[in-house]
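**Student:** First, the structure itself, so that you have it in front of you.
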Amino acid sequence: MYFKIAANNVKKSFRDYAIYFLTLTFAVCIFYTFNTIGSQQEMLELSKSESNYIKVMENAIGHISVFVSVILGGLIVYANNFLIKKRKKELGIYMILGMGKNKISKILFLETFLIGIMSLIAGLSLGIILSQGLGVITAKLFEVGISDYKFIISIKAIEKSILYFGIIFLLVMIFNTVIVSKYKLINLLNAAKKSEKLKVKKSVFSVIIFILGAVSIGVAYYLINETLLNPKDIRTVISIVLGALGTFLFFFGLSGFIINLIQNSKKLYLKNLNIFVTRQISSKINTNFISMTVICLMLFLTISILSTGIGFNNALNQSLKESNPFDATITIHGETNPKFVLDKIGFKNTENEKCA
């Protein structure tokens, strides 16, 4: 019975769940794809040193995956909370009809389970397809050839994706149960009519917070430029904390300042539909500035990972060229004449070859 209700709710609320489902699908897809880099070695013509670089990259991605999964977990919980708030009236109607909170929690549990299973299947399927092209990209990055193309499915990456996202979905289910247990019927039915209170009421405070946020972001970028994201330098951690806090304060102060500025300017506030628009924005001001903060931090994380990956590739290639400047290298210990050793092993130089 509950499973049937949950399935029908997912079908009826498909438009609401569409963005949530797509977010989960692409998250699983990207997570799986980048965790298959280690498996791409099977079809690449790699030297021993290049194979070691791939292993280093695989280990680095393994550590980054934990951090990324935490970020994705926060994003998924936030998106789920948004959907629950949007369905408060529906949940209130369930209570009026006599359904207890435990039964409502069970329905939400099953809905999350269904969405999770579907997004995992869709994400892994899409990830398996996209990961086939990752081998070509990896070969291009390391400037190596492809010896024998194979359709690769990484069982290790699948297991890791299922484990990490399984934990995330479990946390979402627990979150839903706790949230529903705290709701009151009157609050559920009147949720759409309630506006969020603007926490910053004076323009002066808003400006101060805005300036603090801007300064924090500036200091964070200065420290990043100085440390070059060296994990051993404590200033790297400070820059990350300042960047996140500064972004939060920036949008918090900016949103409050703009709203207060418009409301205090009667000429602008009373013009056309500005009263209606301002009230619409201010009614959800807290949610809006949090959303902007999360989006900016995610963009910053994406750009940082992308630039770090490109820099990592350039550093590896440069290191490879410096450590292997010649086609063949022979190390001779002691004071033995190199020419004598080369003649002994039968090595002869041509005009186009260089010996140093």
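Sequential numbering from 1, following the chain as shown.
From the backbone N, Cα and C atoms, a Cβ is placed for every residue, glycine too.
Bear in mind that TrEMBL entries carry predicted annotations, made automatically and left uncurated.
Heads up, here are the entries from TrEMBL:
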DOMAIN    64-182  domain 'ABC3 transporter permease C-terminal'
TRANSMEM  20-40  transmembrane segment
TRANSMEM  60-83  transmembrane segment
TRANSMEM  104-130  transmembrane segment
TRANSMEM  162-183  transmembrane segment
TRANSMEM  204-224  transmembrane segment
TRANSMEM  236-262  transmembrane segment
TRANSMEM  289-312  transmembrane segment
**Student:** Look over the recorded stretches 20-40, 60-83, 162-183, 204-224, 236-262 and say which has the most C-beta pairs under 8 A to the transmembrane segment (104-130).
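**Tutor:** Checked against 20-40, 60-83, 162-183, 204-224, 236-262; highest Cβ contact count belongs to 20-40.
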**Student:** Under a criterion of three or more Cβ pairs within a distance under 8 Å and sequence separation of at least 6, are the transmembrane segment (204-224) and the transmembrane segment (236-262) in contact?
**Tutor:** yes
**Student:** Six or more residues out from either end of the transmembrane segment (20-40), which same-chain residues have a Cβ under 8 Å from its Cβ atoms?
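**Tutor:** Counting only partners 6 or more residues beyond its ends, the transmembrane segment (20-40) has Cβ contacts under 8 Å with 54-55, 57-58, 61-62, 65, 68-69, 72, 75-76, 79-80, 83, 115-116, 118-120, 122-124, 126-128, 130-131, 134-135, 138, 152, 154, 156-158, 160-161, 164-165.
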**Student:** Can you tell me how the residues of the domain 'ABC3 transporter permease C-terminal' (64-182) break down into helix, strand and coil by DSSP?
**Tutor:** 101 helix, 1 strand, 17 coil
**Student:** If I take every residue in the domain 'ABC3 transporter permease C-terminal' (64-182) and average their pLDDT values, what number comes out?
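**Tutor:** Averaged over the domain 'ABC3 transporter permease C-terminal' (64-182), per-residue pLDDT gives 79.
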